[in-house]
Amino acid sequence: MSRNPSRHTSPNSRPSSYIKSNYLTPGSERDSGSEDESSSQEEEATYEDDENLLKTQDGDLDASFTRDEKHLPKLISSPKKKTVRDNYHSAYILFFLLGIGAIIPSQVFLITVDFFRDTFPGHINYIEYILPFGNNAAQVISIMIMLLLCRKPGYIYRQSLQLSSFSELAGRVFYWSTFDRVIISWVTNFLSLFTVCCMMVTLTSEYIGELSDLKEAILWIMVACNCICGLASGWLIASLFSFAALFPWEYTQSVMGGMGMAGALVAIARIAIKLLVIFPGQTMEYDSFIGSLILFGVCCLVQFVCMLLFMVLIRRPITRYYQKRQIRLERQELINASLNGEGHHTHLPNSTMLSVVRRLLSPGFVLTFVITFVVMPGVLSDISAMSYALKESKWMTIITLAVFSISDCLGRMLPGWKRTIIMSHSHLWIPILLRAAFIPIIVLITYRQYALLDVWVFIIVFFFGLSHGYCAAVDMMVAPGLVAQSKREREYAGVTMTLFLNAGLLVGSSFAMIFVMIKYLPT
């Protein structure tokens, strides 16, 4: 006995023209020429229909999609859309520049350890170990907070749900969009670096030099700014990776390449400033102080420029395309849940969260950075020069850190080269474990002072940084493909990858700090 579809149609149901215009039916594929001519009009029309669908209430949804079963394939099939090209690779370049801006505050604090040693001698021991530890610990805390907030409602749910005034206020605070998180993070970095510059200018006063307590207070303020930058950078890096995870894998590699380039640029700038900023009649400590002030000032300016670049990125056609695709995917999830009687999912289920973590959990994310930050930057900065000229001019630390940063940048670029072998996620642990051999080699060079020429030290550090950049980039590139295509799962995967990355940073810097404290224990 045939069923009458009109019996199941409510007054609030969508007209059949909506289904025909927005969903594919058997034999309804459009001609490719007509699609090219009217692609922009179809995109705008579909987007308006998406917005109308978002405003539909719960009862309307149930009534609208209670139709005859023969119409279900029309509802759950995805609309065919024209792929948007990244003209002139503009979005790729913008992601690269944003990767530079996201990590550059942490790199500036790491590369200027000689300034802290010379300006605050005897105030805080092991400052070259405290700075990376505080920054990495702050990043892990901020990413863990963001990881919990990734269970937020999807776009459709937030738009259609009627909230009380208190719940609406809480939603505005805790359910920030990617735009809000990124802009707030960069503003925080800008203010923290500006505070550091102000404190450095204050140190030039002769009155400050006579008060050691006030000078130590200024040092602690700068250390606190380092931790605040860690909080903001952790939130920022996780947001960028979760945002890039919605794009093809090349854009995640672009962010990783930018992060590596940040270290190289800071190291090169440090060398250039040390060569150019020379005041006759002043000490090398004074020249180092002015050079560090310039470096922090430029970094502060970079944060402001990156805010503008992110605003440009979100207005690019390819970004709008993936944002609209995100809305369609979340709408599809809501439709399927409504048809299956599962109700509205307001957050990522615990089972899905654990599944994402299990898929991404591997020795790669953590061990790569643990092995690196056991010796970077503290142990590397303690390597003594064999050359008398390098030893007297205090160039050894700057050159060693610069070699590591530049080689790390090259390693992150390697996966983007067509002839580079990209290892699978399950086999990447082999080169990662082999990298552990660098730890005893570098430690022996540093503390046993073997008679190695400085050039051999630089070669060892170069391959140490190159292997680090390659392993880190490949891990971050292949990981998003291990999870489902769901937008929320991929966003959660991006934040989880960043948490594993920073957990490795924190564990590595913790081992280095414990090692140096044991080494300098009073006998």
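Every residue gets a Cβ built from N, Cα and C, even glycine.
Remember, TrEMBL labels are computer predictions, not curated facts.
What TrEMBL records for 1-53 is region 'Disordered'.
For 1-25, the entry in TrEMBL reads compositional bias 'Polar residues'.
Among the features that TrEMBL reports, compositional bias 'Acidic residues' is placed at 34-51.
Residues 131-132, 135, 186, 189, 192-193, 226, 229-230, 232-233, 236-237, 240, 244, 247, 250-251, 254-259, 261-263, 265-266, 295-296, 299, 302-303, 305-306, 309-310, 312-313, 316, 318-319, 405 of the same chain lie 6+ residues outside the transmembrane segment (90-109) yet bring a C-beta within less than 8 angstroms of a C-beta in it. Summarising the annotation, TrEMBL assigns transmembrane segment to 90-109 (among others).
Sequence annotations record features per position, and here TrEMBL assigns transmembrane segment to 129-150 (among others).
According to TrEMBL, the feature transmembrane segment maps to 182-205 (among others). Below 8 angstroms of C-beta separation, residues 101, 105, 108, 119, 176, 215, 218, 221-222, 225-226, 228-229, 231-233, 235-236, 239-240, 243, 289, 292-293, 296-297, 299-300, 303-304, 306-307, 310 of the same chain, each at least six residues beyond the ends of the transmembrane segment (182-205), sit close to that stretch.
Non-local neighbours of the transmembrane segment (217-247) in the same chain are 91, 95, 98-99, 102-103, 105-106, 109, 116, 120, 123-124, 130-131, 134-143, 145-147, 150, 178, 181-182, 184-186, 188-189, 192-193, 195-196, 199-200, 202-203, 208, 254-255, 259, 318, 322, 326, 476, 480, 487, 490-495, 497-499, 502; each lies 6+ residues outside the stretch with a CB under 8 Å from one of its CB atoms. Annotation source TrEMBL lists transmembrane segment at 217-247 (among others).
Among the features that TrEMBL reports, transmembrane segment is placed at 259-277 (among others). Residues 96, 99-104, 107-108, 111-112, 237, 287-288, 290-291, 294-295, 298-299, 395, 398-399, 401-402, 404-406, 408-413, 469, 473 of the same chain, all 6+ positions outside the transmembrane segment (259-277), place their C-beta atoms under 8 angstroms from a C-beta of that stretch.
For 289-314 (among others), the entry in TrEMBL reads transmembrane segment.
Annotation source TrEMBL lists transmembrane segment at 360-380 (among others).
Taken from TrEMBL, the feature transmembrane segment applies to 395-415 (among others).
Among the features that TrEMBL reports, transmembrane segment is placed at 427-450 (among others). With a threshold of 8 Å between CB atoms, the same-chain residues lying at least 6 positions outside the transmembrane segment (427-450) that come near it are 362-364, 367-368, 371-372, 374-375, 379-380, 382-384, 457, 460-461, 463-464, 467-468, 470-471, 474-475, 478, 519.
Among the features that TrEMBL reports, transmembrane segment is placed at 456-478 (among others). For the transmembrane segment (456-478), the residues of the chain that approach it from at least six positions outside its boundaries are 241, 249, 252-253, 255-257, 260, 362, 364-365, 368-369, 371-372, 380, 383, 399-400, 403-415, 422-425, 428, 431-432, 435, 438, 441-442, 445, 497, 501, judged by C-beta separation under 8 angstroms.
What TrEMBL records for 499-521 (among others) is transmembrane segment.
Packing against the transmembrane segment (395-415) from elsewhere in the chain are residues 107, 110-111, 113-114, 253, 256-257, 259-261, 263-264, 266-268, 270-271, 274, 376-377, 380-381, 383-385, 389, 422, 454, 457-458, 461-474, 477: each is 6 or more residues past its ends and has a CB under 8 Å from a CB in it.
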